[in-house]
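Colleague: Annotated domain 'Major facilitator superfamily (MFS) profile' per TrEMBL: 224-410, in sequence order. What TrEMBL records for 26-43, 63-82, 94-111, 117-139, 151-172, 184-203, 224-246, 258-282, 291-309, 315-337, 357-375, 381-401 is transmembrane segment.
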Amino acid sequence: MTQQSSSAPGIATVVPTTGPHTARKAGLIAGIILVSLNLRPAITSLGPLLPQIEEDLGLSGTGAGLLTMLPVLCLGVFAGLGPTLRHRFGEDRVLLGCLPVLLGGILLRLLDPTALLYVGTVVVGGAIAVANVVLPSLIKREFPDRVPLMMATYTMALTFGGAAAAGAVIPLQSVVDTDWRGSLGLLAVPVVVGVVAWLPFGLRRVRTRADGRAPIGPLLRNRLAWLVTAFVGLEALLAYVIFGWLPAICVSRGMSEAAAGYMMSAITFLQAAGSMVVPFFIDRGGRGQRGFCVVVALGTAVGLVGIVVAPLWTIWLWALVLGIIGGAAFSLALTLIGLRAGDGDTAAGLSSMSQGVGYALAAAGPFGVGALYQLSGGWGVPLAVLVALCVLMAVIGVGAGRDATLSREM
């Protein structure tokens, strides 16, 4: 059990009231991993199955595009619910509630009429959005001195779950001998496992401060909060552009569609590994975070330039760079939320603010790159814009990575 205490004016810290049992801490880490593993499969599994869904339901190109865009939009739109629900019920119970809602969304997508496919996708996106916001706050509360390591563990599990689902959904379809509905339905199994694993934590009572509301208003007026939000937003935008357009770029350079698909899968799995390098390359001091912010931003630019203009025989090298750097960038972005927040309340507010804006940018990114490609007739102009965004991300990272902590009062 923990309680909030004030160690300096305007700054709240978390101090233990009792020595947590090792078994409970290990169980909590396992629970966080199992919950995190479920926060991407319902989104990433849609892409490989989309051709079958289009053919079976007769979806138009617009309808299919909306289906793939909805989850990302929902991650931004519903992020604002996280702090409110956290204040009312606490992180543990909110997470326990998110998983059954996620399960309900998965099952809704299996039903007729077609409208329920879209409704279920919105429900899925909403449940994941709230969990995305609450988990950094939970980690800040339970592991205040291990934020980089635990955020890396969280992002590794999240990324691995998404990669595994995207890579396994078609092979599993053949093994089980089912259609796209059956494949999507299989995603319910790990969600049920996650519910069972989190049940002991979701039902316990955690003593929290009575006024523990996320300070959204003060955050919106705080420069450091906006720097973190901008860094998270640019990372999300670049990541979704890479996910959305990298296969098309590779095919336009002469790679087969199958090879481009394998490369995308490899990048996704490499991101899971890349997320775990963050604790080893940053510290709680500003210099380490500033430097690593610049490295991941400019490393993304180098990888993109290599994919677009370097000799084709080197393309797998640049894919390796994008995979490792992309995972590190994602983990770093979420880690900054935990490190800049002075307490769990501020972490929830900053998480909601940064992810709400970030996923709104992410939804617009692939569309913007596609429009630039059509207008210019090539990848040169989109690449120049993306490199400029990487440089901007590096500059913002210098501010977001400085040694400072947001207080609740601000």
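The backbone N, Cα and C atoms fix where each Cβ goes, glycine too.
What's the neighbourhood like for each of these?
Modeller: For the transmembrane segment (63-82), same-chain residues at least 6 beyond its ends with a Cβ under 8 Å from one of its own Cβ atoms are 42-43, 46-47, 50, 53-54, 94, 117-118, 121-122, 124-126, 128-130, 132-134, 240, 348, 351-352, 355-360, 362-363.
Away from its own ends, the transmembrane segment (151-172) comes close to residues 29, 32-34, 36-45, 47-49, 135-136, 139, 183-184, 186-187, 190, 265, 268-269, 271-273, 275-279, 327, 330-331, 334-335, 338 of its chain (Cβ-Cβ under 8 Å, at least six residues beyond either end).
Panel annotation: around the transmembrane segment (184-203), residues 27-28, 30-31, 34-35, 37-38, 41-42, 45, 49, 92-93, 95-97, 99-100, 102-103, 106-107, 109-110, 161, 165, 169, 172, 176, 178 of the same chain, lying at least six beyond its termini, place a Cβ under 8 Å from a Cβ of the stretch.
Same-chain neighbours of the transmembrane segment (224-246): 72, 260, 263-264, 267, 293, 296-297, 300, 304, 307, 322, 326, 329-330, 332-334, 336-337, 340, 350, 353-355, 357-366, 369-370, 373, 382, 386, 389-390, 392-393, 396-397, 399-400, 402, 404, 406, counting only residues six or more beyond its ends whose CB sits under 8 Å from a CB of the stretch.
Non-local neighbours of the transmembrane segment (291-309) in the same chain are 231, 234-235, 238, 242, 246, 249-250, 253, 278, 281-282, 315, 317-319, 321-322, 325-326, 328-329, 332, 336, 379-380, 383, 386-387, 390-391, 393-394, 396-398, 400-401; each lies 6+ residues outside the stretch with a CB under 8 Å from one of its CB atoms.
Sequence-distant neighbours of the transmembrane segment (315-337) (same chain, 6+ residues past either end, Cβ-Cβ under 8 Å): 136, 147-148, 151-152, 154-156, 159, 228, 231-232, 235-236, 238-239, 242, 246, 250, 253, 255, 263, 266-278, 281-282, 289, 292-293, 296-297, 299-300, 302-304, 306-307, 347, 350-351, 354, 358, 400-401.
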Colleague: At an 8 Å Cβ cut-off, counting only pairs 6 or more apart in sequence, do the transmembrane segment (26-43) and the transmembrane segment (258-282) clear the bar of 3 or more pairs?
Modeller: no
Colleague: Which residues of the chain, 6 or more past the ends of the transmembrane segment (117-139), have a CB below 8 A from one of its CBs?
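Modeller: Distal contacts: 32, 35-36, 39-40, 42-43, 46, 53, 57, 66-67, 70-79, 81-83, 85-86, 91-92, 94-95, 98-99, 101-102, 104-111, 147, 150-151, 154, 334, 337-338, 341, 344-345, 347-348, 351-352, 355, 359.
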